[in-house]
Amino acid sequence: MEATEERYTKDGTTDIHGRPAVRKDTGNWRACPYILANECCERLAYYGMSTNLVNYMKDRLNQGNARAANNVTNWSGTCYITPLLGAFIADAYWGRYRTIASFMIVYIIGLVLLTMTASVKGLKATCSHGVCDPTTAQTAAVFVALYLIALGTGGIKPCVSSFGADQFDESDESEKKRKSSFFNWFYFSINIGALIASSVLVWIQNNVGWGWGFGIPAVVMAIAVVSFFLGTPLYRHQKPGGSPITRVAQVVAAALRKSGMDVPDDKSLLYEVADKQSVIHGSRKLGHTHGFKFLDKAAIVTQEDRNAVSPWKLCTVTQVEELKSVVRLLPIWATGIVFSTVYGQMGTMFVLQGNTLDPYMGPHFKIPAASLSIFDTISVIVWVPIYDRIIVPLARRCTGRERGFTQLTRMGIGLVISIFSMVAAGILEVVRLRVVASHNMYDSDAYLPVSIFWQIPQYFIVGAAEVFTFIGQLEFFYDQAPDAMRSLCSALSLTTVALGNYLSTVLVTVVTGITTRNGKLGWIPDNLNRGHLDYFFWLLAVLSLANFVAYLVIAKWYTYKKTTDEGFELRRSNYSVSSESGTQQG
């Protein structure tokens, strides 16, 4: 019997045919190269479009700085909101594998249409002497393509990291340790794709043409699909647990029905099935935690419940704790929004700032401003192995923790680092404006005599912050999410990027509205030489500092999820509820 148990994984994962996953033939690092290659190619395709998109909006769609920046942040934000839809489908019905495979098709359709809008006569804008005049239909085609891509990424992005982490059995200590490293290397693969996108593809877009610049990502995405399907025999799959929204609604409804009742002091009196397995497919049992006492009322057993169990009147402790886990994640989630706003400046304000600086490397070659994000990518690629191989072992010796830092500490360090990226950008802008004044270049279209490479520090600092905060978020939201809601909680972490982009849009709109009163040019005019972009960077630095202070308070309050693999001990002498009649609607 022991040999049989060792042969299969213990976390409920199955193979592609729905049979228990064989430990030695599936999952672990043997399955991960296909997932990492898929993510690398998909992110290459995504960043191949998004990195230089603000310039495409300006040059081919004839939009001003503020409008182009807002359109990019709105689209980018949507790319990180749609994962909520994809995650819900994955957790509730299709599972992560089928969801990723299906949404890839939508993604490729969007990429092909975008390529056509930049290369097919009639779909691409007519340009004369460097000025383009797109029709309404042509502009609409571009946005249809972009938002198809946003929908496609919504089914891929929240599932891939969770699907990769599913390949490691949490009940096996050696596999559990490897899973922590997986998140580091997963983010590393993202940035390999971004490195190629921000260097090679941006150069192609600026020097060869937008048709090639968008066509190559379409081909790369096709390679991503092939890579993903090649690993099919090796993957481990978590069964979908049914609609998490239904389970949440059941807990709220049951708690409201019993709002007048008192929660017993002895928490073992709260309802839980006697079986070792949870009634929620694909989920381990969760132990009771303190806090949110009102929700515990949903698990109080009444006389009516002893006769017939309704999932809308009585919920298990695991189901209640599932909702508690999500509620506890929300304040941590909220503190990621300002960080994402800072991160989003690389695709907008950093590029606009770089457009005014000297881009030449030697007499003939010049680097596009959008390609400077390559130094953010290089920073991540440098910092990931340093963190994984040097910082974690050192921190492990000091703290005695397996991961070196707690996930909350790791994210907090990143929040602090992000403040300095805005300070660096603000200082460069002050220097840039002084050069404008000293050379009287207020209305000049020429590059300023300041090298674009002075932007490297701000990009490099953002990259260092990512390694701590974004990777920490990936691991934290996967680890602290209930088992049957991991895609949804991964999507929730991604929505901080969406809301960060939307917050950037709001800030730009509000700042522009306030600072252009009475005929003033404002902080972010089309001619940045007469603006004050430095004020915008100082504003973000102050918001980031305030956000970090709030994070410290929230992190101190946070209670980590706790699982129980041995089942919940019931006191059947006080009541009798059969585990079969207690099956909840998933």
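Sequential numbering from 1, following the chain as shown.
In case you wondered, yes, glycine gets a Cβ from its N, Cα and C as well.
Database features, via TrEMBL:
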- 100-120: transmembrane segment (TRANSMEM)
- 140-160: transmembrane segment (TRANSMEM)
- 181-204: transmembrane segment (TRANSMEM)
- 210-230: transmembrane segment (TRANSMEM)
- 329-347: transmembrane segment (TRANSMEM)
- 367-387: transmembrane segment (TRANSMEM)
- 408-428: transmembrane segment (TRANSMEM)
- 448-471: transmembrane segment (TRANSMEM)
- 492-515: transmembrane segment (TRANSMEM)
- 535-554: transmembrane segment (TRANSMEM)
For the transmembrane segment (329-347), I need the partner stretch with the highest count of C-beta pairs below 8 angstroms, choosing only from 100-120, 140-160, 408-428, 535-554.
535-554
Contact set, same chain, for the transmembrane segment (492-515): CB under 8 Å, 6 or more residues outside the stretch:
66, 69-70, 73-74, 76-81, 83-84, 87, 157-158, 326, 329, 333-334, 336-345, 348, 473-474, 476-477, 522-524, 532, 536, 539-540
What residues in the same chain, six or more past the boundaries of the transmembrane segment (367-387), come closer than 8 Å to it by Cβ-Cβ distance?
47, 51-52, 54-55, 184-185, 187-188, 191-192, 194-195, 198-199, 202-203, 205-206, 346-347, 350-355, 357, 359, 361, 452, 455-456, 459-464, 466-468, 471
Near the transmembrane segment (448-471), which same-chain residues lie under 8 Å Cβ to Cβ, leaving out any that are not at least 6 residues past its ends?
183-184, 187, 336, 339, 342-343, 346, 350, 353-354, 356-359, 367, 369, 372-373, 375-380, 382-384, 387, 410-411, 413-415, 417-418, 420-422, 424-425, 428, 431-432, 435-436, 439, 441
Name the range, of those listed as 140-160, 210-230, 535-554, that has the largest tally of Cβ pairs under 8 Å with the transmembrane segment (100-120).
140-160
For the transmembrane segment (535-554), sequence-distant contacts whose Cβ falls under 8 Å of one of its Cβ atoms, 6 or more beyond its ends:
331-332, 335, 337-339, 341-342, 345, 349, 411-412, 415-416, 418-419, 422-423, 425-426, 429, 507-508, 511, 523-524
Cβ under 8 Å, sequence separation of at least 6 from the ends of the transmembrane segment (408-428): give me the contacting residues as numbers and ranges.
332, 335-336, 339, 342-343, 345, 349-350, 353, 454-455, 457-458, 461-462, 464-473, 476, 534, 537-538, 540-541, 544-545, 547-548, 551-552, 555, 558
